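Report on one structure; see the data block that follows.
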Amino acid sequence: MSILKIHAREIFDSRGNPTVEVDLYTKKGLFRAAVPSGASTGIYEALELRDNDKTRYMGKGVKRAVKYINEFLAPALCNQDVTVIEQEKIDKLMLDMDGTENKYKFGANAILGVSLAVCKAGAAEKGVPLYRHIADLAGNPEVILPVPAFNVINGGSHAGNKLAMQEFMILPVGASSFKDAMRIGAEVYHNLKNVIKEKYGKDATNVGDEGGFAPNILENKEALKLLKNAIGKAGYTDKIVIGMDVAASEFYKGGKYDLDFKSPDDPSRYIPSDKLADLYKGFVKDYPVVSIEDPFDQDDWEAWSKFTASTSIQVVGDDLTVTNPKRIAKGVAEKSCNCLLLKVNQIGSVTESLQACKMAQSSGWGVMVSHRSGETEDTLISDLVVGLCTGQIKTGAPCRSERLAKYNQLMRIEEELGAKAKFAGKNFRHPI
């Protein structure tokens with residue numbers, strides 16, 4: 001079925017910044033997709049096109065990206081004899097029209113908006129759920145419900161506190177189903193709120209961009225202590241493990257790391273990568289930490305390889321790999337990490353996201369699907385994680401509607417699958 005009409009507009013993300021939304025029409029109806037936006041972005045991500053007009057939205061407008069869709073991509077796709085089922089063909093057409101390596105001409109936010117809408121329309125055209133359509137595109141006969149990684153303590157670039165490390169997550173791997181994992185996660189979240197309130201006062205329970213609490217603590221170990229305490233109080237010590245996103249590129253300075261980077265600069269406190277690695281090993285020894293994302297800077301390749309070789313935990317590449325096949329290939333060759341963080345807007349199309357996922361999985365890596373800190377109510381990544389069978393997703397705390405929208409969609413999918421629903425659980429790293 002051919003595309004009848006495509007219309008893009010500016011909408012707002014969860015931080016009050018403009019982002020791109022695309023409406024795509026076929027004979028089956030309207031299919032709408034919205035594009036997320038990150039705060040701690042890797043320098044190798046595909047280009048997110050902003051207007052840079054300082055008189056409007058502090059330069060963050062996306063009128064140019066919207067214009068490129070409405071005036072270039074839309075007419076080209078509506079005039080093509082392609083059906084919305086042909087995801088790869090449509091994505092390739094847009095990539096060829098852009099003609100640059102990092103989507104410099106139209107912007108990844110323009111191409112992705114259309115690509116996501118096409119994916120939704122393709123599922124409707126086939127008369128199957130979106131997760132099944134994505135599984136078909138990826139060549140997966142089965143589908144799997146993921147373990148949610150709830151980001152319940154926010155630091156780094158996501159919060160106004162002194163905490164350097166960006167995310168402290170709980171993963172209910174001992175749950176019996178996705179719905180059960182949600183209940184466990186929510187109960188720990190509420191226990192954590194009480195633990196923080198008792199120790200630091202009510203102000204400390206304000207939340208960050210992803211719905212996690214942002215108490216004004218400096219010591220990263222203190223965040224882990226708070227988590228351990230809340231997990232124990234909720235009664236789930238045997239069912240929950242901990243994950244972290246350090247986002248170390250945010251505090252990498254001149255070859256070293258500044259764990260107090262939000263304070264006035266003082267080079268005497270910077271530490272080298274091996275000292276930082278020792279800190280992580282201490283966390284793993286003292287707490288149930290099983291996953292660490294971006295432990296080092298995106299170009300500190302040697303530190304990555306050294307650390308990954310020395311540990312059995314999951315080491316996740318985000319800023320390092322930016323969902324980009326070339327960076328993933330280098331990471332595989334150098335054994336830099338053992339898990340890919342998959343963010344559709346880092347690469348900028350559904351087809352390339354699927355290719356990145358397949359590449360990581362075929363290299364023996366795990367894959368974790370991820371939201372961005374600037375999110376919308378769009379829930380496509382919920383269907384994506386189920387269809388790609390990655391076994392793990394991070395999309396914030398069980399708080400803030402743009403986060404819950406994804407988790408609620410996953411509960412609906414599990415309900416729809418009924419007896420056929422498989423939950424990744426303790427096999428979240430390699431669920432297939």
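Keep in mind that glycine also has a Cβ here, set from the backbone N, Cα and C atoms.
Fair warning: this is a prediction, and the values are worked out from it, not measured in the lab.
Per Swiss-Prot, the features are as follows:
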BINDING   SER40  Mg(2+) 1 binding site
BINDING   HIS158, GLU167, GLU293, ASP318, SER370, HIS371, ARG372, SER373, LYS394  substrate binding site
ACT_SITE  GLU210  active site, proton donor
BINDING   ASP245, GLU293, ASP318  Mg(2+) 2 binding site
ACT_SITE  LYS343  active site, proton acceptor
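According to its DSSP assignment, LYS394 (substrate binding site) is in a strand. What surrounds the Mg(2+) 2 site, by Cβ distance within 8 Å of the Cβ centroid and not counting ASP245, GLU293, ASP318, is the set GLN166, GLU167, MET244, VAL246, ALA247, ILE292, ASP294, VAL316, GLY317, ASP319, LEU341, SER370 from the same chain. When the recorded positions GLU210, ASP245, LYS343 are screened for a Cα within 10 A of the Cα of HIS158 (substrate binding site), the ones that qualify are GLU210. SER370 (substrate binding site) falls within a strand when secondary structure is assigned with DSSP. For the recorded positions GLU210, ASP245, LYS343, a Cα-Cα cutoff of 10 angstroms around SER370 (substrate binding site) retains LYS343.
Using a 10 Å radius centred on the Cβ of SER370 (substrate binding site) and all shown protein chains, the other Cβ atoms total 27. The recorded positions near ASP318 (Mg(2+) 2 binding site), taking a 10 angstroms Cα-Cα threshold over the set GLU210, GLU293, ARG372, LYS394, are GLU293. In this structure, the CA atom of the residue listed as 'active site, proton acceptor' is 8 Å away from the CA atom of ARG372 (substrate binding site). Comment: substrate site residues HIS158, GLU167, GLU293, ASP318, SER370, HIS371, ARG372, SER373, LYS394; largest CA to CA distance 16 Å, whole number. Cα separation, ARG372 (substrate binding site) to the residue listed as 'active site, proton donor', rounded: 9 Å.
Across the fold, the C-alpha of GLU293 (substrate binding site) and the C-alpha of ASP245 (Mg(2+) 2 binding site) stand 4 Å from each other. A 10 Å cutoff on Cβ-Cβ distances gives GLU293 (substrate binding site) a total of 28 other Cβ atoms nearby, all chains included.
ASP245 (Mg(2+) 2 binding site) sits 10 Å from LYS394 (substrate binding site), taking the C-alpha atoms as the reference points. Between the C-alpha atoms of LYS394 (substrate binding site) and GLU210 (active site, proton donor), the distance comes to 10 Å.
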